[in-house]
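Below is one structure, written out as structure tokens; comments come after it.
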């Protein structure tokens with residue numbers, strides 16, 4: 001059983017059902033692997049192995065008594081901005097370094113009820129602000145494909161843990177590309193659902209109108225297994241939409257993959273996604289993937305979308321503005337980090353926030369506060385909201401010509417740790433992904449090749465509520481290619 005970490009969720013569920021191994025053996029295998037190798041990756045902030053092993057034993061007992069939940073006893077892990085009762089929830093920040101949540105996020109509760117066993121909490125950029133996972137108070141995460149390189153962010157710990165074979169699937173959150181970009185950098189699959197599809201209750205907020213929880217897995221099918229229990233209406237979340245979700249797993253398993261399975265499907269490609277800044281090797285992999293989609297029956301059509309430079313500017317006005325508001329609650333009084341021996345209330349506020357927040361979070365709070373200030377609110381924030389509406393309209397027009405839009409996920413492969421210290425350069429990594437968040441659309445990234453030995457991801461974007469279409473389309477591609485099965489040296 002030395003290669004259990006190579007198995008898909010589907011294979012793990014079958015193995016448990018057929019008694020090829022127990023949940024306890026499975027959790028023990030992954031825990032031992034994490035203890036042995038995560039020193040090189042730093043993907044976990046909190047290892048909750050004792051509780052996981054207890055849950056695995058319970059899962060085995062329940063299965064023996066006839067509990068037939070297919071995912072009962074399958075391991076996974078959570079991004080550390082999802083509240084977990086009795087377990088540290090830090091959001092990668094000194095501000096919450098010792099915060100133990102008194103309740104579970106709805107997502108955490110739903111996943112546990114489906115039978116999954118959580119192994120712990122995964123590293124992330126502080127308060128989900130970053131694209132490389134170098135801003136975490138708990139140290140940078142390393143990419144399993146090259147431990148000298150970044151895994152992407154902000155869900156870098158989640159992506160790295162799946163790519164390293166520490167867990168078969170993991171949760172993440174995506175505000176401007178924080179699932180899709182690390183999925184691309186780490187050579188795995190990741191999906192951001194439609195805004196409102198998955199509950200945000202219990203997810204520590206960065207930008208409330210943009211944040212959405214999603215999943216990582218080796219394949220589209222693995223992502224579907226974890227997304228299925230997460231999706232659905234939650235009355236505790238005011239942004240949750242009361243709309244039935246599809247049976248993602250059943251839809252994929254019923255999909256025909258032989259012949260020309262994508263016949264009749266139109267995939268839109270915009271010239272704006274292939275401009276300056278796109279690495280030539282990345283573009284080569286993307287073009288090859290699009291040709292494969294054509295071979296599978298899809299028709300490639302040209303569409304127009306908002307200039308990515310405009311979406312980038314819009315996002316970096318709106319997201320920091322919302323962050324400025326959301327993070328004002330961390331004042332050293334109610335919860336979170338509190339400075340020592342404050343001279344007065346003003347000193348308590350000032351020092352607690354300046355000592356508790358890292359440089360990138362402080363930068364975005366300042367940017368957001370400036371955009372919201374009385375003299376600039378209309379010139380910046382209000383105008384950005386109007387542009388956001390136009391971005392939504394442009395996507396609607398594009399989808400009149402196609403079923404799915406394809407683009408590179410990131411303009412480059414993973415870069416070296418510490419290499420891109422200029423914040424503006426890091427912000428540019430989100431250039432292809434942020435428009436999706438501004439429009440509230442679902443999108444997925446799946447691996448389609450390599451650039452200089454590093455993974456490259458293709459982004460697929462669909463209409464609102466069409467997660468199943470995305471997953472089925474990626475599954476068809478993955479049924480005819482093996483890029484999603486490529487393994488980093490750490491995993492072989």
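Our numbering is plain: 1 for the first residue shown, then up by one each step along the chain.
Using the three backbone atoms N, Cα and C, a Cβ is placed for every residue, glycine included.
Bear in mind that the values here come from a model prediction, so they are computed numbers and not experimental data.
Look at Swiss-Prot and you will find 79 (among others) tagged as active site, charge relay system. Sequence-distant neighbours of residue 79 (active site, charge relay system) (same chain, 6+ apart, CB under 8 A from its CB) are 121, 122, 124, 155, 157, 158, 170, 171, 172, 173. Annotation note: residue 79 (active site, charge relay system) sits in a strand segment as assigned by DSSP.
Under the heading active site, charge relay system, Swiss-Prot lists 154 (among others), citing similarity to another entry as support. Applying an 8 A CB threshold to same-chain residues 6+ apart, the list for residue 154 (active site, charge relay system) reads 92, 124, 125, 128, 129, 130, 131, 133, 173, 175, 178, 182.
In three-state terms derived from DSSP, residue 178 (active site, acyl-ester intermediate) belongs to neither a helical nor a strand segment and is classed as coil. Marked as active site, acyl-ester intermediate by Swiss-Prot on the basis of similarity to another entry: 178.
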Residue 178 (active site, acyl-ester intermediate) CB neighbourhood, other CB atoms within 10 A: 37
